[in-house]
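Heads up, the thing below is written out as structure tokens.
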Amino acid sequence: YGLFVCLLLWGGSELCCPQPLWFWQGGTRQPAPSVTPVVVECLEARLVVTVSRDLFGTGKLIQEADLSLGPEGCEPQASTDAVVRFEVGLHECGNSVQVTDDSLVYSSFLLHDPRPAGNLSILRTNRAEVPIECRYPRQGNVSSRAILPTWVPFWTTVLSEERLVFSLRLMEENWSREKMSPTFHLGDTAHLQAEVRTGSHPPLLLFVDRCVATPTRDQSGSPYHTIVDLHGCLVDGLSDGASKFKAPRPKPDVLQFMVAVFHFANDSRHTVYITCHLRVIPAQQAPDRLNKACSFNQSSSSWAPVEGSADICECCGNGDCDLIAGSPMNQNHAARSSLRSRRHVTEEADVTVGPLIFLGKAGDPAGTEGLASAAQATLVLGLRMATIVFLAVAAVVLGLTRGRHAASHPRSASQ
């Protein structure tokens, strides 16, 4: 009798008995079927709730019209004789979202609000509210799409894209290490290595877009000599076959090239600075007329790329490589000034190596004079810098001495 009253009041067995109810069927004692009444699926951007029509496990099936989802009371999308199904967006039906230290929590509820059937004024099931919650990690990937193998979260990848470090270095003849001495004789070949440090960035392919040589660090100064132009054409190779790109590359983010040593006529400084505009593209992108590394072969009078099809170098001969502007790029002062005026973005940068000191031919007295002149200029610059540093240190020491002297001999109020 007590169990019967409890069932009428609460409409369920779990509140009335500490153990599951057992019933008799066909003369044998069997446990009630253990069917999960509510199944929740938390998808990438949607919420799926499947409700058993035997919601209370009593054998009394609920009506589809008595079920709703969320504060806005969304109706079911599908139903069968056994289940009722909801499928909504995470932000729909008035669902709430909460941000914790490590999760995004979407909360909603399933409401069963029975109505009297027909003209009857009685209910055989109770009103019930089932809380629903979906948790998503804030530092993970919840997409069903494949993850690109950067192996870092998206925000880290974005930061690493802003930290590309471009460099241009003078190397030994065997490319094994950086050349420590900046001196050359006429007839030598300078070995230059352009490189970009990519960090956690996806693989990149580096190109030397343009290079210009000047006697000072001012890349727009005069006189000047163009080494690379037209988006990767090593035009210095037209006058000396030793000037060319090295193929194949050691790595996609490294590009090496040789330049036959020269000096500027009627210039007593015997120094040269080389400024190059470097740029990168995704490694999977094929080289084209705007992204290439082409050398001139004097024996065959033709241009050849380090990689890519041969036709991308054809424009080096006729000068129409600049597809964006729609016109050939002239080797003039304006073209060299664009090295400095172009916007510095993460995919490109200007880098300078120098000064390279040229001594003339080996054993040439004129070369010794040039070395003495260059060394004298370097010595004068060093002495000036040392004098400035000495004066600055002396001023700081003098100020500290005066401060300590004043602190150790304070004046009285009467004085």
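Quick reminder: no glycine exception, Cβ is built from N, Cα and C everywhere.
Feature list (source: Swiss-Prot):
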CARBOHYD  T28  O-linked glycosylation site
CARBOHYD  N119  N-linked glycosylation site
CARBOHYD  N141  N-linked glycosylation site
CARBOHYD  T150  O-linked glycosylation site
CARBOHYD  T156  O-linked glycosylation site
CARBOHYD  T157  O-linked glycosylation site
CARBOHYD  N174  N-linked glycosylation site
CARBOHYD  N266  N-linked glycosylation site
CARBOHYD  N297  N-linked glycosylation site
MOD_RES   Q19  pyrrolidone carboxylic acid
SIGNAL    1-18  signal peptide
TOPO_DOM  19-378  topological domain 'Extracellular'
TOPO_DOM  400-415  topological domain 'Cytoplasmic'
TRANSMEM  379-399  transmembrane segment
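Feature annotations (Swiss-Prot) mapped to structure.
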| residue | record | CB count, 10 Å |
| --- | --- | --- |
| N174 | N-linked glycosylation site | 7 |
| N266 | N-linked glycosylation site | 5 |
| N297 | N-linked glycosylation site | 12 |
Inter-residue C-alpha distance, N297 (N-linked glycosylation site) and N266 (N-linked glycosylation site) (nearest angstrom): 30
N266 (N-linked glycosylation site) and N174 (N-linked glycosylation site), distance between Cα atoms, whole Å: 33
Collapsed DSSP category at N174 (N-linked glycosylation site): coil
